[in-house]
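Scroll down for the structure; my scribbles are underneath it.
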Amino acid sequence: MNIIRTYLSSSRISQPATLRGKAVQHLEKTSVNRLLPIFFGWKALLLVIAVASPGVGYDSSTKILFDAQRGTHDSWFAKVVEYVLLRLTRWDGIYFASTAANGEQVYEQEWAFSWALSRVNSMLARALLNPFPLSSIAKSALAGVVISHLSHLLAILALYRLVYFLTPGSDLRKRQLGFTTACLHVFSPAGIFLSAPYAEAPFALLSILGLLCYAQAIENRFSTFADAYQLDASFTLLAGLFFGLATTMRSNGILSGIIFAWDAIAMLPRLGAVLSTRDGEAITRVLATLAAGMLVATGFVLPQAVAYMEYCTTGAARPWCTAYPPSIYSFVQSEYWDVGFMRYWKMSNLPLFLLALPVGGAMLGAALLALRQSEDLAKIVMGPKKEIRDQPFPPPPQVASKGEKVWTHCLPRFALMELALVGLTFTSFHVQIINRISSGYPVWYTIMAILISESQGWQEEGGSEGRQGQRGNDSTVQEGQTLSSLLGMKRVKPEWVVRGMVVYAVVQAGLYASFLPPA
């Protein structure tokens, strides 16, 4: 009875057993709180590099815009802020800032730069930055910088949660992989573009939130409690909403619809039986999947519908108004930036292809691996199988855990979206932009984080660090094999890749602030 009283006492219940020793150190090392100083330290470094860059560069567009709208705002505060903003508002950032300052897209080519983000920037500048003694263009640029920093911070926190949620295995391994992946995103090749008034950071945040909601939907899909299908449908719709919002930031967000298209195709063989038996749960999932796909499509169509009403119903129609479909996105990219299938394949652009090759190659390799060997990756991440004493012979067949099922369901779908992006970028986009739009696609970050975790040693529940062992004998992964050996990359050190990302981002910040390519 004394033992029972001890275990049921309020002091015992309120103070559960805690990890000690090295296990506690592992928790501290992979805490979300550690991401904050890393994030702010890196952002400060990029800002210092940008501010210290010489001159205004070969293009003085930003300075002309700022000088033209300065008016009476000529205080020392305005000069200091504008000096910093001049270094961050380069290349496409000028379009984002000017459309936000005007409150609308004045010129046709400005429709290539997020109709939705320009309005969010404009509202923030007017609502929160109005008291500051700055010109409207400076306020809009500052609002864009604030949005980018805040979005990137929230994106890495959401990415930590996504990888933690997806990863099968122990809590320490979840934390380690989530922390490492989030750190890689901090040092993303997107670099200064995640600080400047661009759409990359908001897009990354909304895309990752969509992936997180989808993963939670699938987790409920593999659950057996009564209301699981309702949560599945709710999270599916929420994922579609976030993907749709991401698509208003960048049109390549439409690739998120691949996830729901895959699910819809997978449902087709059973659709007849579902309808004939009037299976309410299955019908709810089908409708939620279709609705989520429509939300993604809405994010792509809505801004273009607004443009169509503006340009194609006034009598002086533009050439794209009679095209099928009448897409202003496609027209302005082709007309003003010569974007189109294989148009970028010129000898003069060879250096840009070489510049895009490292990130493009990493994304391609990670996507193919996740598509073909998601089950093997799950076993690698989970680590060695724990020995069970008094196990019957022959041992019972292994059944995949719910965590493994969620991983193997989600990862290939995420990877196919990433694979499509690589294909489109190398055939139809300005290829160098893959270094910055890759920030919204987490599969390649996750694969890189697995390699880094292996090289540094996985954190174990017992407080020890060990190399990766594998579980199970029913796949191509053998006992003790690692992802590095599976890929034949024993001589490639992951830290080289990280150093390359850091060096690239540092050099990129200096070049960008001086209005020098690549952008």
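Including glycine, each Cβ sits where the backbone N, Cα and C put it.
Positions annotated as region 'Disordered' by TrEMBL: 459-480. For 35-56, 141-165, 177-195, 254-275, 282-302, 350-371, 496-515, the entry in TrEMBL reads transmembrane segment.
Counting only same-chain residues 6+ beyond the ends of the transmembrane segment (254-275), those with a CB under 8 A from a CB of the stretch are 207, 210, 214, 236, 239-240, 243, 246-247, 282-283, 285-286, 289-290, 292-293, 296-297, 299-300, 413-414, 416-417, 420-421, 424. Contact between the transmembrane segment (35-56) and the transmembrane segment (496-515) is present: at least three CB pairs lie under 8 Å, with pairs separated by 6 or more positions in sequence. For the transmembrane segment (141-165), same-chain residues at least 6 beyond its ends with a Cβ under 8 Å from one of its own Cβ atoms are 32, 35, 39, 43, 81, 85, 88-89, 93, 96-97, 100, 117, 120-122, 124-125, 128-129, 132, 134, 174-175, 177-179, 181-182, 185-186, 194-198, 200-202, 204-205, 208-209, 211-212, 215-216, 219, 439, 442, 445-446, 449. Long-range contacts of the transmembrane segment (177-195) within its own chain (CB-CB distance under 8 A, at least 6 residues past either end) are made by residues 29-32, 34-35, 38-39, 42-43, 46-47, 50, 88, 145, 148-149, 152, 155-157, 159-164, 167, 201, 204, 359, 381, 435-439, 442, 445-446, 448-450, 452-453, 498, 501-502, 504-506, 508-509, 512-513.
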